[in-house]
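Database features, via TrEMBL:
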type: TRANSMEM; residues: 12-30; note: transmembrane segment
type: TRANSMEM; residues: 97-116; note: transmembrane segment
type: TRANSMEM; residues: 123-140; note: transmembrane segment
type: TRANSMEM; residues: 146-167; note: transmembrane segment
type: TRANSMEM; residues: 174-206; note: transmembrane segment
type: TRANSMEM; residues: 212-230; note: transmembrane segment
type: TRANSMEM; residues: 251-271; note: transmembrane segment
type: TRANSMEM; residues: 283-303; note: transmembrane segment
type: TRANSMEM; residues: 310-332; note: transmembrane segment
type: TRANSMEM; residues: 338-358; note: transmembrane segment
type: TRANSMEM; residues: 365-389; note: transmembrane segment
type: REPEAT; residues: 407-440; note: repeat 'TPR'
type: REPEAT; residues: 441-474; note: repeat 'TPR'
type: REPEAT; residues: 475-508; note: repeat 'TPR'
type: REPEAT; residues: 509-542; note: repeat 'TPR'
type: REPEAT; residues: 543-576; note: repeat 'TPR'
type: REPEAT; residues: 577-610; note: repeat 'TPR'
type: REPEAT; residues: 611-644; note: repeat 'TPR'
type: REPEAT; residues: 645-678; note: repeat 'TPR'
Amino acid sequence: MFKNFSQNKYFYVFSATCICLIVIFAYSSSLNGKFVWDDEFLVENNNHIKKWNNIKDVLIKDIGAGGDDGPSTYYRPIQMLTYMFDYSLWKLDVRGYHALSVVFHMLAGMALLWFINALFKNRVLAFLCGILYAAHPIHVESVSYISARADTLSAIFILSGMALYLNFMKSKNIFFYCLMILSYILAVLSKEVSVIFPILIIAYHYAYREKIIIRAFAPIAFITFLYLVMRATILAPVLSPSNLDGSLARIPGFFVAVTEYFRIMILPFGLHMDYGDKIFSPFNFKAIFGCSITAVFLLYAVLSRKQKAVAFFIFWFFINLIPYANIFPAPFFMAEHFLYIASISFFIGLAGIIIKIYETRLFKLAAIGLTSVLCVFYGFSTFFQNFYWKDPITFYERIIKYNPESYKALNNLALAYVKEGRIESAIPLYEQSIELSPNDANGYNNLGILFSEKGDLETAEKFYIKAFEKNSNDVKTIYNLANLYNSKGEKENAITFYKRAIKLNSENGKAYNNLANVYSELGRMNDALESYEAAIKINPTDKFAYNNLATIYRNKKDFLRAIELYQKAITIDPSYPLSYQNLGITYALMGEKKKSVEIFYNLINIAPDDVMPYYHLGMILADLGNKEEALNLCEKAVERNPQNKDAYNNLGLISFKIGNKELAVFSFKKALEFSSRDPRPYFNLAVFYYTEKNFLLAREYCDKAVSLGYNVPPRFLSDLSRSER
């Protein structure tokens, strides 16, 4: 059967179809998974991927350059280009990102099929290897984790490059050679570890005892040299000698990882992310075992003369793990996605065993049965493994189950709890995270966020300062400190920290926007204008920056420019009520009150529970003489929000405007029942009693408004003082 199958002219079509069907089934459960871990950093908050005009920045800057958290040490432009493609199609609909990641896994399986057939001229081996590789749950981390897309991309290009190199060696066709060079360039631009490609070629020639053609190999070596020089100069910290500190202590961890890799390839249970950056003793049993099997395998590969393929794929496995050998510090001593290319050796061995069983006459059905069982087992294991990636809480709880000392998972789980309002559940997790890693700024910073959201700014400030002491260059902490000082009214401190955040990360659009808000409050309109424009340049989809910039132009009486910017904000988010409200106010200021009325009625349909549109519309209708409808609108706002102080305050203003004095006083006093610290109703009562010539009560309410921080117009104070004489 296998022989007839391998000779079928539709072999590639059939094999590719099988790979696609297996991947579609196994990863269909991943499509509704949320953004997790670094996805927020690389995708959700990455401004560079949101506009094709940023393609230059994507091609020349690191992957973190477009986010709010500051620069990264990774340079992966092909990965970032795929995110740009994603965003252009489905914005931040995570299903689209997962679907494209699944497609890339299919392509990696097809590239593997091509490579194995080019190497062995054995279609059955290629087919078995392809379907087993496509189904195995060890690859869930590389496929379902959107931020790990570099793994699938580099695999596609490395495997294609190897297949093209083998075809070139056989045919000497320059076309294959040029495509191979292109594949290698795309591989290193997808993931930096692809620089092992020339080492794989050397391993192939050594294992198969074939002489290297220097003229063919030289360009590959030159590209590698050029890339390494670029990394050393542009992203020097990656190759800094200081990163070698403690490398000897980390080496046993690599051999522990080798032991674990064999276990999870054979028995894929207990899979999870974040195995930790642990240091192991050289006498650890797993370290000794891993070192022993590494030595045995490599010695066999070096000395083997007959088993060329076995030797090559032993080399393949360990060469692909070299970048993860803990020579340089890494967040994890091992990770499942490190096996995405290395594990091909395992599937070659497994497929080879199945073929050997099939070639034994008595066990043909057993071989077919084993293949079917493995595909079903792997496929269903992958299908269910994807559920652990469905949302941040499930994801981090899974990690903590297997690695309770993962301070990063504890920290991120707490953050996920906070986002769901489970604040009390988050606090002990943050405390545990800090206890496990007392020098990590993130735990302190996130506790600061938690207490800030609770309104306890003093405690929040203590945690932010503690985080700042741990890492004075942490952009998130500095930005949060700036926000806190802004909330406390310490505007100069806020400006200082916003500027520091921007200095550390010039792509932080939120910092520019908030800095502009502070400038605007201080009356520094030119500075505010400049900062809003910088925020928009960084993130052309920032509706808040467009809205705020428009308000500055409105205050400058440049109504046409303001309208243009408000409409831009509405285009970005058609459900953003503040821009509709400001647009309506602008038209009213221009005297186009009918247009303004139309906008506010539309806004009430969009945000029926927002009290402000009722108020603004009521004021305009009152000006137009429709007092009954004006009052009716504000009464509706109160009906929808019976405990909202603003609804009552606005009803009071409308009532006062149309001459309903009794309702005005009642409404202002009702607003104070819900918030005795709001100065506006006090001032409104002061104005009311002033018009009623009750200057004693007017003074009493005016003084109360001033004591609560209300900026009473000087003209009113002057008139009141004069009337009291």
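Numbering starts at 1 and runs along the chain as it is shown here.
From the backbone N, Cα and C atoms, a Cβ is placed for every residue, glycine too.
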Fill in: For the repeat 'TPR' (441-474), sequence-distant contacts whose Cβ falls under 8 Å of one of its Cβ atoms, 6 or more beyond its ends
70, 407-408, 411, 414-415, 418, 423, 426-427, 430, 433-434, 480-481, 483-484, 487-488, 504
Worksheet item: Where does the mean pLDDT land for the repeat 'TPR' (475-508)?
Response: 94
Practice prompt. With the transmembrane segment (174-206) as the reference, find which of 97-116, 146-167, 212-230, 251-271 contributes the most Cβ pairs under 8 Å.
Written response: 146-167
Item to complete: Work out, from DSSP, the number of helix, strand and coil residues along the repeat 'TPR' (509-542).
Response: 27 helix, 0 strand, 7 coil
Discussion item. At a Cβ cut-off of 8 Å, and with pairs 6 or more apart in sequence only, do we get at least 3 pairs between the transmembrane segment (12-30) and the transmembrane segment (365-389), yes or no?
Written reply: yes
Item to complete: Using a Cβ cut-off of under 8 Å, list the residues of the same chain at least 6 residues beyond the repeat 'TPR' (407-440) that approach it.
Response: 37, 274, 331, 392-393, 396-397, 399-400, 446-447, 449-450, 453-454, 470
Fill in: Best-contacting stretch, by C-beta pairs under 8 Å, relative to the transmembrane segment (123-140) and drawn from 97-116, 283-303, 310-332, 338-358, 365-389
338-358
Discussion item. When secondary structure is assigned with DSSP, how many helix, strand and coil residues does the repeat 'TPR' (577-610) contain?
Written reply: 27 helix, 0 strand, 7 coil
Fill in: Tertiary contacts of the repeat 'TPR' (611-644) (same chain, 6+ residues out, Cβ under 8 Å)
577, 580-581, 584-585, 588, 593, 596-597, 600-601, 603-604, 650-651, 653-655, 657-658, 660, 674
Item to complete: Give the residue counts of the repeat 'TPR' (611-644) per reduced DSSP state, in the order helix, strand, coil.
Response: 27 helix, 0 strand, 7 coil
Worksheet item: In the repeat 'TPR' (475-508), how many residues does DSSP call helix, how many strand, and how many coil?
Response: 27 helix, 0 strand, 7 coil
Item to complete: List the helix, strand and coil residue totals of the repeat 'TPR' (407-440) as derived from DSSP.
Response: 27 helix, 0 strand, 7 coil
